[in-house]
Amino acid sequence: MKSAVITFPGSNCDRDLAVAIERVTGHAPIRLWHGEQTLPEGLDLIGVPGGFSYGDYLRSGAMAARSPVVGAVVEAAARGVAVLGICNGFQILTEAGLLPGALMRNAGIRFVCRTVALKVENTASRFTKLYQPGETIHIPVAHHDGNYFADDATLDRIEGDGQVAFRYADGINGSARDIAGVLNAKGNVLGMMPHPERMVEPLQGGTDGARLFEALAQSVLERA
Amino acid sequence: MKARIHVTLKDGVLDPQGRAIHHALEGLGFGGVEDVRAGRLIELTLADGTSDDDIDAMCRKLLANMVIENYRVELV
């Protein structure tokens, strides 16, 4: 699997994501800087990591979404390349218009940093197909702006189309309909607030995140 | 030429910051505050002749997130 992980000024989960992808899939990602105008040829996966890109200036993810490399990511997503945005990466993908909705300040105002239970809602996508329908998994969150918002018509549409990938088992941040992760209509872009890269080996407290990366690697083999 | 861009949350979008400010005002003993909405003011210094369309495009493309926010342009 040929993958790339992007680093923006202020990203802080880029290395964790790269290590997790390599541990699980056996292939080390290419590391890309935010100023790149073009992406390497033949990518199967682009990882947009967590952190505080551009200091969260204006709105979380707003500046990064207008950076040169994200323009190339939008084009790659249109060609069907898998794009995974985690935490700040999710915020960036919504700001870039690759995913519906927006992520607002947590309803309780506080930064939430703990392992949470997630219900897997979609087990058909290339990201989630190794989870069982209705399965509950445990993945850490660490965010201040994870309160998912979209208007009711959009929420009805994405729920109806199976674009809700994960929900919080217990509401933690005020997210509409407890949504924790969203797919685009084509199913090749996933944004999620929880950090699967922080749950890939037993030493981290669990391995529920590993199956997401395994699923991506498997999808690449099936397409080859 | 200056433009002040007032960015506010759309009606119906919950405003956790506004609610916290409201709560703090009440804690300070101020009664009669019925609601608080927090927004953002962005002041642009522009070349003379910058068109309204350009300012509008700046707002839509970056300064406001149209999913959750409205904006109002005030030329000063």
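Backbone N, Cα and C define each Cβ position, glycine as well.
Feature annotations, reproduced from TrEMBL:
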ACT_SITE  A:CYS87  active site, nucleophile
ACT_SITE  A:HIS195  active site
ACT_SITE  A:GLU197  active site
### Query
Which residues, sitting 6 or more apart from A:HIS195 (active site) on the same chain, put a CB under 8 Å from its CB?
A:CYS13, A:ASP16, A:GLY50, A:ILE86, A:CYS87, A:ILE139, A:PRO140, A:VAL141, A:ALA142, A:GLY209
### Task
Give the sequence-ordered list of residues that share a chain with A:GLU197 (active site), lie 6 or more positions from it, and have CB atoms under 8 Å from its CB.
A:CYS13, A:ASP16, A:LEU17, A:VAL19, A:ALA20, A:ILE21, A:ILE86, A:GLY209
